[in-house]
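The structure appears right after this line, and notes come after that.
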Amino acid sequence: MAQGAQRKNFGHNQILRPSAAYTPVDEQEVLQILDRHRGQRIRAVGRLHSWSEAVTGDGVLLDLQRLNDVRLQSDGDQLVATVGAGCQIKRLLKELNREGATLHSLGLITAQTIAGAISTGTHGSGRNSMSHYVVGVRLACYDASTGQAIIEELSAGEPLQAARCSLGSLGIILAVRIRCREQYNVQEHFTESRRLLDVMDAEAPFPLQQFYLLPWRWSYFIQHRREDDRPRSRLARLYRLYWLGTMDYGLILQILFLERVARSRRLIRLAFRRIIPAFLIRNWRVTDRSSSMLVMRHDAFRHIEIELFVRRDQLADALGFTQEVIKIAGGRESALSADNQRRIEELGMQEALAGLHDQYCHHFPICVRRVLPDDTLISMASGAGEDWYALSFISYAKPARRAGFSLFASFMARSMSRLFHARPHWGKVCPLEADELTSLYPRFDAFRTVCNTLDPQGVFQNDWTTALLEADGQVGDFP
């Protein structure tokens, strides 16, 4: 055991002050720790890549990085990997690739642990979230009758649906069983369009695509992607170096200079209108392994992020609203369009909009990814119906200079949740009150029931998840 030294998350916007911290070597030690601290609050952490309060805790902290085994097996006609909770995605991909396999769904960041990734609904584009493919969760919790620490296997029904995206609220995840597939290649190329209709029309031939709305230029750069039976391109390695230098590092270094050193809004707008687009090579078609194509070095530099999920039928309105709000926040406009101004007045948010004026200059491409509906209780894409689209807003401002972004993120979350039923990503900045958040999820009551069954004393909660479980927000409560 180590005394609970203070820790910060990746974004330096959350601070953890545990009373005690452990790095157990196996499942048996986890059970021993639970028995030793019976009645105290206990939370697990991964690599702390969450910006939300899901990572916080002032009780006992478990870092499960040593529980990182990977075993790939056939289960009928499917491949299923059993993965230790603390295994990072990058290690998992490497181990699976040795067996000629990979994950169905990948997020941009591979530094996350598997337990952390599924607990917050991590996703890529064009498929379901990672949580959707989970077929079993091995969980340490307490026996309700004896009070002893035990291991539960969740493999069916609502307990499994809850465990697929749990916010760490059911117990301590020890291992995850997740469906895999044979390794495959992805072909990718970029185009640019001024029309969202062109972007959406390209989804049929390129179902794995994601796209970026460039602020201040207001055009869409489309990263067309699809599975490809052809072998890896001869220039794939050169393309990876180009991507690393241009996007993973080059773009962000430009933005860091403009935002943190020059602090010039005029130069930021100029960069997005003229300079950054010049570095994006259009129509260079390259085929490479999926686990290389579908990820980025998104964690190379410290940043903060909010991501909002809207249904397909709300996407066009949501993007139009986004563009107008960014112009107001950046001081380029003083009012929304008549329709959107009326909407804000009906919500009673005129003061919030006025307070945002000229407070924040957005300085990163808005990434939009399509996520298919999930078989979970509370992932952001849970529920049948139309596909979801995740709009990501990132700021590279220094932690001490994030007040403008905080105003922007709060306004966007509050307004878009009411106007477009947008759901904030559980693992990113999540500024809504508990009642508002739970009202966005029709099956939150079922999730609450599973939590209360597996953790009746609430020992695996922090203040934030406790507030969520105690909230009485019902679907439709908020306009």
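Each residue, glycine too, has its Cβ placed from N, Cα and C.
Note that this is a predicted model, so its numbers are computed, not measured.
Residues or ranges marked as FAD binding site in Swiss-Prot (evidence: similarity to another entry): Thr113, Gly116, Thr120, Gly121, Thr122, His123, Ile173, Arg369, His425. Taking a C-beta cut-off of under 8 angstroms and a sequence separation of 6 or more, His425 (FAD binding site) has the following same-chain neighbours: Ser52, Thr120, Gly121, Ile306, Glu307, Leu308, Phe309, Met380, Ala390.
The feature domain 'FAD-binding PCMH-type' is assigned by Swiss-Prot to 14-183, with sequence analysis given as support.
In this structure, His49 (pros-8alpha-FAD histidine) belongs to neither helix nor strand by DSSP; it is coil. Under a cutoff of 8 A between CB atoms, and with a sequence separation of 6+ in the same chain, the neighbours of His49 (pros-8alpha-FAD histidine) are Asn9, Phe10, Ile109, Ala111, Gln112, Gly116, Asp299, Gly427. Annotation source Swiss-Prot lists pros-8alpha-FAD histidine at His49, citing similarity to another entry.
Residues 264, 267-268, 271, 275-276, 279-281, 296-298, 300-301, 363-364, 396 of the same chain lie 6 or more positions beyond the ends of the transmembrane segment (241-258) yet place their CB under 8 Å from a CB of it. The annotation transmembrane segment is assigned in Swiss-Prot to 241-258.
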Handout entry: Which of Thr113, Thr122, the listed binding-site residues, has fewest other Cβ atoms within 10 Å
Key = Thr122
Fill in the blank from the handout: Same chain, |i - j| six or more, Cβ under 8 Å of Ile173 (FAD binding site); the result in sequence order is Ala44, Leu64, Ala85, Ala115, Ser119, Val137, Arg138, Leu139, Ala163, Ser166
Fill in the blank from the handout: The predicted model's mean pLDDT over the domain 'FAD-binding PCMH-type' (14-183) is 97
Completion exercise
Longest inter-residue Cα distance for the FAD binders Thr113, Gly116, Thr120, Gly121, Thr122, His123, Ile173, Arg369, His425, rounded to the nearest angstrom, is 28
Completion exercise
DSSP output for His425 (FAD binding site) maps to coil
